[in-house]
Every structure is written in C-alpha cells, then in structure tokens.
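**Student:** For Lys484, Tyr710, the entry in TrEMBL reads active site, proton acceptor. Here TrEMBL flags Lys484 as N6-(pyridoxal phosphate)lysine. Residues or ranges marked as substrate binding site by TrEMBL: Arg582, Met759. What TrEMBL lists as domain 'Alanine racemase C-terminal' is 689-813.
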Amino acid sequence: MNLSLKKIISTLDAKTIDIQDTLEIDTISIDSRSLQNNEKTLFFALVGTNHDAHIYIKDLIAKGVRNFVVTHIPEGLEGKANFLVVKNTLEALQQTASYYRSLFSFPIIGVTGSNGKTIVKEWLNFLLSPDYNIIRSPKSYNSQVGVPLSVLAINEQHNLGIFEAGISTVSEMDKLEKIIQPTIGILTNIGSAHDQGFENLEEKIKEKMLLFQNSEALIYQKNSNVEQHILPKMKAVSWSFMDTTATVFVSKKEHTHDHTLIEYTYKANVSTLQIPFVDDASVENVISCLLVLLHLDYDAKTIQNRIELLFPMEMRLKVKKGINNCSLIDDSYSSDFQSLKIALDFLESQKQHQKKTVILSDIFQSGLSNEELYSKVAELIVSNNINRFIGIGETVSTLKTKLDNALFFKDTDEFLLQLENLNFENETILIKGARSFQFEEIVSALAEKTHETVLEINLNAISHNFNFFKSKLKTGTKMMAMVKAFGYGSGGFEIAKLLEHHKVDYLGVAFADEGISLKTMGIKLPIMVLNPENTSFPAIIQHQLEPEIYSLKGLNAFLKIAEQKKLKDFPIHIKMDTGMHRLGFELNTIDDLISTLKGNRTVKVKSILSHLATSDDLQHKDFVEYQINLFEKLSSKLMNGLGITPIRHILNTSGISNFPEAQYDMVRLGIGLYGVSNDSEEQKYLENVGTLKSIISQIRTIQSGESVGYGRRFMANGESKIATIPIGYADGIARSWGNGIGFITIKNKKAPILGSVCMDMLMVDVTEIDCKEGDSVVIFGESPTVTYMAEQLKTIPYEILTSISQRVKRVFYRE
Ligand SMILES: *Cc1c(COP(=O)(O)O)cnc(C)c1O
C-alpha cells in the first residue's frame, strides 16, 4: 500500500502538532510486537475496555516507528514522533480502511452468516485462484479490528476480494459494510451462534443483511425471513433443497462413504456434482461456493473439476512440540504474501528459541512478477531476523540470490530425504506452504511423536482474562501473575511470555526450579519464589530470582549466603501469617525480624505479603477482614521498624473480585487468568483457556447384558455403541469421573463415561451419536467445564487443571 500521511490526517480529521505530513505510509499496524513495524508504519494505538496500546508507544519509538494514531500523546513523548490525535483509534482505523477500500473498484465478495464463513471464504479462494489475483481476509480476521486490517492489505495487483464479516451484536455490521463495500454477498448458514447479542433470529438476520445493503447480488439459502430484507436492486441468487423456484434447486442428495452426490437445476439445465464431503455443513458450504461459480459463469465441468479438489482446512496457526527440542508453527495450508506476514508476526511472538527458521513453498497468486514478489519476501525474511531459510519449489528459488543462509529444494520429497542432515535443533520453525506441497508431511516428520491427546491452550483467552482482571484494579496497582505448577497446568513458558508482553509487573512460582526454567528460556520479568528451600538459595541468587522469606531460620540462611556472595540490596519478599497458618511471620516474631534486617545492606525488602484463606467464600467475610486488619498491623510494624515503604499485597483472584478495597500496591492473579472464577456471574466474563482433546480409538457394539471395563461396573441393558478414548487416570482424569458421573463431548453431544476410568483409556456411550473412529472428542473445555467437573468430583478446578499429566502435549494457539 501507499498512502500519504496528509490524506490520512484529513480523512480522520486528526489533530496534529507541526508534523511532517509529506510522508508516505506503507504499512498499518496495531501489533506492537511485529518486527515489520518501521519508519513507514502507521501504528494505531487501540484502546479496548481492558487494554490500552498507548503503553507500547515508547518502545516502538525506540524501535524506529515514527507515526502514531492516538487518543492522547503519552507523557514525555511529545515531539518525539508524529502523533495524529483522534477521539477513537478503532474508529480511525475503520475510517482509514473505508477510505482505502474506495480507491479500488474490482468485485468484492462479502461473506457473513453464523457458521461456515471462514471455510466458504477459503474454499472460494481455492476455487477461484486459477483465474484471479485474490485478496482475502487472513485466517478468520472478521471483527471490527480484523476487517479493516484485511482491507488495508489490498494492492494494485488484486482483481478480486473475498472478505468475511463477523458480528456479535447489533450496530456492528453497518461499520463493516462501509469498510468492505461488497459487490457480491454470501449469507452462509444462519444458525444460532452468538445469539446472546440479539433479541431474536429476526433481528440477527436483519443485522447481517446490512452487509449487503449496497451489493449487486446476494447468494443465500432460500428462506422468506431473509428475502424480506432483499432490496429490489439486488439480484437474488438462492438455492434450496425444497423450493423449485430457487435459482439453484438441489433435487437429489446421496451419500457414499466419502462423497456426496447432488443433482441441481440451474437455468433449466440439470447437472450433477460430486462433493468430497459427507457432513451436512460441508455440503451446504460447498453449495454456497457452487452458486458463486455459477454466478461468475463457470461451466458445470470446470466446477466439478475444481470442487473435487476441495479439502478440509485448519484455520488456526498452531504451535507444536518438535523433535530435538524444536517448536513448530504449523501453517501448512496456505501460501500467499499476506498470510506470510501474519505468520511471521506469530513466529516472533511465539518463538521459544533464539533461532528462527522458516520453511516456505512457492507463493501463489500474488499478482506480482516473481522478481517483485520475492524481493518483498526477502525484505520480510531479513526484517524478521530469520536465521535459516528453506525454500521448497521452483519459483521460491528466486530467493537464492537475495538471502544468505538459505537452502533450496525442488520439492517436498527431496527435502524430506535430506531432513536428517539438516540438524534441526533448539529452533522455532515456521512451516508454511501451499496445499499442493503437502507440508503436513514435513510437520509430521518434525513433530515430536506423542499420543493423540492434547491440551489446547487459547492464548487470546488468557489475554482476555488478564485484561478483565486488570480493569478491576485502581490505577497504579501492580499485578503479579501466578504461573506456579506449570501455569496451573496450562504451560509455564508460553504463558509467561504472553504476560511479559502484557507488561505484568511480576511472576510468581512455587519452587526455584520453575523460576530457573523460565529465566533460562529468556523471561526477563522479576519472579518471586513462594516456597524456596534453603538448598535452592544459591541457584535463586544465580538466576536473579526473588525468594519469599517466611521464617527467621530461612532469613538467616539466606543472609549467610548473601553475605558470602557480597550481595547488595538483593530483593526479598516477607510473608506474614495472618490466619492461613501455612507459611509466614507471626506478630511475636516481628521484633526479631526487624532487628535482623535493620542496617543490613545485603538484602532489600521488596514487598510484604500475606495470603487469604477464605476470599472465595463471602460467608467468611469477617475472617477476611480480620486477616486484612492483621496484615495492616504486621506490615506497618515492619515498615516503621525498618523505615521502608515496600510493595504490599494480599489479594488472590477471588480477593480481587470480593475485596477491592484491599488491593494495596499489588495483587496476585492466579486461577482467573486460566479462565476460572469462583463466582458464576463473573465466570460469564471470562473466556475458556484450556480444551483437553483426544480422539476415538475404536468403536464397537455390545448387546444387552454385556459389560464394559474392569470389574464389569457397567452392564448394558440394551444394544449399545461404545467408543474407547486413549486418555485415563495416568493423564490426570480422576478415576471417580467414570461410573455414571462424568461425560465427554463428541460432536457437541454428551457421551457418558461407562464403568471406571482405566489408567490410559476410558470408554463412553455413543449409541446416540453419529461418530466414527478417529473423530475428535473433548474431555473438558466449554463442556464439560472444569468447574462442573470439580463440583461433581467434590474438588476444586485448581486440582483438575494441575492434574493433567506432562505426557499430555500442550498446543498453544491464537484465534
Ligand atoms: C496460588 C497463590 C495465589 C493465586 O491464587 P488464585 O486463587 O489462583 O488466584 C496467590 N497467592 C499465593 C501466595 C498463592 O500461593
């Protein structure tokens, strides 16, 4: 893109203070971590209900970014960069996109609906790419932020756009329409997703139809609710299984084991189409694509040839554990310039090693000449500090002359033959290639071999939950995030890294080992160790961890080592026992504590803390108040005795919610970060973080009177279909979750666990569920939730989360 700053200033009606407005902007960014930010970037500092990107501006200026759209100029930065001051930075981003969109006049397909938007967009891209240079929304960038960013990626070479729009409540679609300005509309399955934002189905349809208010044609499943919103000037292109008056009437639908055959009538011609899927949702999505092709005048034969090649797609970028301590970012389904940019940003934010490697196939449909395209790719690779580049394919070898440290292979097979010799080790590898290169074979060759059970961690949900609790704090209150016990079972390093980005003030771990591993992997944040053993003090000092000191004995042991090592002002944290009676100094030890610390210069009391025993249960409100009063008394005594004013903190997650007056200088957020609240009202505001998934290993049918599992604890009283899942109590699923108490979810239906959970397996009833071997199942996540499991098992969510064994692979993803 190329936009003059001057033009943007006038579009936004932005306030500026003597800035250089002759500049040209070539990228728009909202991501402070992106290594693609440079002097030609315009950075929009977005402000959400719970987060504010203005905090990153100072760092960005240091990295060379010069142009910012802001609501205010952060203190001390005036004159240090160009600031465009607006009322609302998100609206400014949308206005910029809308202005930019209007500079182009090629056809744009706008897709909305409740289900199937992203897949329809991706399939259309695949079907139409032989004939068009397509710009499309990357992944599922369909929100108020994602849509403008997608549209801003249009360039002069494109001649068709496909953008999806997702809304969750009224009044959002109007804004997206102005940005996308679709000429052809597609309304996919309207379903019931996101219903909470709408009064009723009627309102939802009406709102979605706003996307098409200026479109020339609309593609939809024939339905009178939709048709009452179709404007006279719009061409209605409908399909139906029932209504012969639809533009495309589907008269027959037959399944084989892996195909669906349909017969359809269009303009009085009857044709057949083999669809390479059997589930209803995929068939409907293919029909939406079929209508687009018919509308664009493709003939039945070309349509059949292309649709035959459709394949299911993974829409998310996934981080997986690789061989030899590598980590893999699997993006093995697409290869276009825009998605490469996104994948490189993801690589930077997720990298777990210093060394970054990219394996890339030929890039298709850029609209640019090879020379131009690969010059741009080379720039990206260089600006992202990629240590090793591997190109697979013909055109990608254009990079030979443009990159150092690059290797090239003719095709995927040739690469796989050489894999052993390439010594992949301790590096983060982005694997990105077009479907035809079958990079899934590379992913599978480089992935660590483990069983099919994974705990998927949604990093966006962690950010959301963090920001939610952050918004409850008074300005200036610091936040310590508890990442003990491997981030409550969800992954220590990955979560710490994300929290570091969110500028959390402190991390808390239980033992020194946990802190050492975080520091060794590159976490720079200060880390408090709650339960340091005396033997770990030397390692604590060596790794700059900060011990919690809870007894005179511990203090003296630490001081001895600190003095030997001639430390000065080494940070320590003093724990008070105010009623938990676990660890900490009591009233009668404070005088000794003062006299030991007084005048000592080897250590410095960084903070004073205590822990609440009943913050989650308002029945014990009096006890919490007693603890808070005692904390006030003990901490004041220590502070006065030593003449210091350290950070004070006492609240955990439910304390933040229930006792906001006791925030002091910092709070310690634990379980809430991982999406669990003790309060069912508050729970609604949190997002689910972990989803424990597995697959069906085997399905069998048993007869009435036959039993399942050890001890014959389940007896069938009718013919039953039984599925075996490879997860058991050794993976952390309580044995008591079986025998009629627990269930898992398969195809959104409950499958009750039959008999006792075994060590490595469990069996479930799938008599009523249409499923097959290899299908994915959910052990916990949206349903059942860990909170529900905990209630049934008479324990707490903390235990469920932290019990999931380390042999279950953690997979991190971003939506
Ligand atoms: C674990 C822990 C926390 C966090 O508690 P949550 O209930 O998970 O928020 C806070 N402080 C201390 C001392 C802890 O051990």
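Placed from the backbone N, Cα and C atoms, the Cβ positions cover glycine too.
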**Student:** With a 10 Å radius around each C-beta, find which of these recorded positions (Lys484, Arg582) has the fewest other C-beta atoms nearby.
**Tutor:** Arg582
**Student:** Measuring Cα to Cα, how many angstrom lie between Arg582 (substrate binding site) and Lys484 (active site, proton acceptor)?
**Tutor:** 17
**Student:** What are the sequence-distant neighbours of Met759 (substrate binding site), meaning same chain, six or more residues apart, C-beta distance under 8 angstroms?
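**Tutor:** Counting only residues 6 or more apart in sequence, the Cβ neighbours of Met759 (substrate binding site) under 8 Å are Gly728, Tyr729, Ala730.
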**Student:** What kind of secondary structure is Met759 (substrate binding site) part of, going by DSSP in three states?
**Tutor:** coil
**Student:** Using DSSP, what's the helix, strand and coil tally for the domain 'Alanine racemase C-terminal' (689-813)?
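**Tutor:** When I sort the residues of the domain 'Alanine racemase C-terminal' (689-813) into the three classes, I find 23 helix, 45 strand, 57 coil.
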**Student:** Counting across all protein chains present, how many other Cβ atoms fall within 10 Å of the Cβ of Tyr710 (active site, proton acceptor)?
**Tutor:** 12
**Student:** I'm trying to understand the geometry here, so how far is the Cα atom of Tyr710 (active site, proton acceptor) from the Cα atom of Lys484 (active site, proton acceptor), in Å to the nearest whole number?
**Tutor:** 36
**Student:** Can you tell me whether DSSP puts Arg582 (substrate binding site) in helix, strand or coil?
**Tutor:** coil
